[in-house]
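Below is one structure, written out as C-alpha cells; comments come after it.
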Amino acid sequence: MKIASDNREVCVGVKIWLCICCIGILLMVLVGGITRLTHSGLSITEWNPVIGVFPPIGERAWIREKIKYMATPEFKYLNFNITLRGFRKLYLIEYFHRLLGRIVGLTFLIPFLYFTYKKKLHRNLIINFIVICLLILFQGVVGWFMVKSGLIDRPHVSHYKLTAHLLLALLIFYLLWRQFLLSTISKVTYNIKVNGTLIFSVISVLIVTQITFGSLVAGLNAGLLDKTIPFLAGKLMLEDLLFIKPLWYNIFENPVTVQFIHELIATLIFLVVIITLLILRLNLFPAYLLLICLCLQLTLGVLTFIYNVPIVLASLHQVTAFILFAVNTYLLHYMKLSKLQYVK
C-alpha cells in the first residue's frame, strides 16, 4: 500500500524532528496561555520579526518601551499605576512567547531544508511541509493582528482573533502530529472486527469544537463568572442565556452562554467516549490513554472554573486539550492502520 511504502522511506531523524516540533507547539500553547493569563500579551506594541529578537538593553531602552505601552488602552484603563519593574515583567513574558515562536519556526525550517537537501523526504512530504511552513509564517501574522486588536480602543484582544490564533496552532499541530503517526505506525491491515473510525472522527470534531469554545471562554473571561449563576446552581434560566439580540449572537458574545456551551460539549464528549469504549470494548493502549486524558482534562476544567482561573491550572487545561486531541488522533490512526485487538 502506498502509505506503508512512504512510511518505510521516512528515516528515524525525520521522525525525531517531527516529534520535537509537536512538543515545541505544545510548549508554545502552554506559554501562550501563561502570557494571556498574566495579561502580558499587549506589553509589546510593535511587531519586528528580525529586530524583535533582541530585548531592550539599558534603562533608556526600557523607558522607551514603556512610553509606547503608555499609549495603549490597557495602560490607560487597567495598568496606569504600573512601575518600570512591573512593566519589565510583563514585557519579558511576551518577549519569551515571541522568541519561542521564532525558535519553533526555525526548529521546523532548518531541519526541513537539511532533510530536503539530503533527499530524505519524498515529494509528497516536501509539499506537505511547505504548506506547514507557510502556515507557521501565517500564524505569526495572525498573532500580531490579534495583539493589534487590543491596542486600538479596548484593553483586551478580540476573542475571535484569539480563537483564530489558537485554532491555527491546532491545525499546524495536527498536520505535524498526523505525519509523525503515519511515519511511526506502518502496519496496514484490514482485519478489523468492528470499525470505529467514524465515531472517533466525530469525537475529533467535538474536541475541536470544544477547544474553539474554550478559547471564546478565555477571550470573554467567562471563566470568571459568578459561581452562583443559575445554570451552575442546577437551574437553567433562558433570560441569562439569551438576553442579547439577535439571539444567535449569544452563542459567541454572551459569556454565560459560551461558558454553558463549553460545559455542555465537555459533558457530551465524556459521555460519547465512555459509551463508545464500553460498546467497542477496545483493548488498546491508546483507548486507555484517551480515557485517562479525558478524565484529567475534565478535572482541570472544573478546578480552573471553581478557583477563578488560576494561572497554573488554566495553562495546563489549555495544553491538555491539545494532548487530548492528539491522543484521539493517535487512536483514530491506530484503528485505520493497525490490527485491532478486542476483548470478547
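For all residues, glycine too, the Cβ spot is worked out from N, Cα and C.
The C-beta environment of H317 (heme binding site), restricted to residues of the same chain at least 6 apart in sequence and closer than 8 Å, consists of G214, Q297, L300, G301, T304. Among the features that Swiss-Prot reports, heme binding site is placed at H262, H317.
The transmembrane segment annotation in Swiss-Prot covers 14-34 (among others) and rests on sequence analysis. Under 8 Å from some Cβ of the transmembrane segment (14-34) lie the Cβ atoms of residues 93, 96-97, 100-101, 103-104, 107-108, 111, 115, 120-121, 125, 166, 169, 172-173, 176-177, 179-180, 183-184, 311, 314-316, 318-319, 322-323, 326, all in the same chain and six or more residues away from its ends.
What Swiss-Prot lists as transmembrane segment is 95-115 (among others).
Residues or ranges marked as transmembrane segment in Swiss-Prot (evidence: sequence analysis): 125-145 (among others).
Cβ atoms under 8 Å from those of the transmembrane segment (162-182) belong to residues 3, 6-7, 15, 18-19, 21-22, 25-26, 28-29, 32, 36, 108, 125, 128, 131-132, 135-136, 138-139, 142-143, 146, 208, 211-212, 215-216, 218-219, 322, 325-326, 329-330, 333, 337 of the same chain, restricted to positions at least 6 beyond its ends. Taken from Swiss-Prot, the feature transmembrane segment applies to 162-182 (among others).
Look at Swiss-Prot and you will find 198-218 (among others) tagged as transmembrane segment, backed by sequence analysis. If one looks beyond the transmembrane segment (198-218) by at least 6 residues along the same chain, the residues whose Cβ comes under 8 Å of a Cβ in the stretch are 36, 159, 162-163, 166-167, 170, 252, 255, 258-259, 261-262, 265-266, 268-269, 272-273, 276, 314, 317-318, 321-322, 324-325, 328-329, 331-332, 335.
For 260-280 (among others), the entry in Swiss-Prot reads transmembrane segment, with the evidence type sequence analysis. Within the chain carrying the transmembrane segment (260-280), a Cβ under 8 angstroms from the stretch's Cβ atoms is held by residues 194, 196, 199-200, 202-203, 206-207, 209-210, 213-214, 216-217, 222, 231, 241, 251, 287, 290-291, 294, 298, 301, 342, all 6 or more beyond its ends.
Swiss-Prot lists 287-307 (among others) with the feature transmembrane segment.
Residues or ranges marked as transmembrane segment in Swiss-Prot: 311-331 (among others). For the transmembrane segment (311-331), the list of distant contacts is 22, 25-26, 29-30, 32-34, 37-38, 170, 173-174, 177-178, 181, 200, 203-204, 207-208, 210-211, 214, 218, 223, 284, 286-287, 289-290, 293-294, 296-297, 300-301, 303-304: same-chain residues at least six beyond its ends, Cβ to Cβ under 8 Å.
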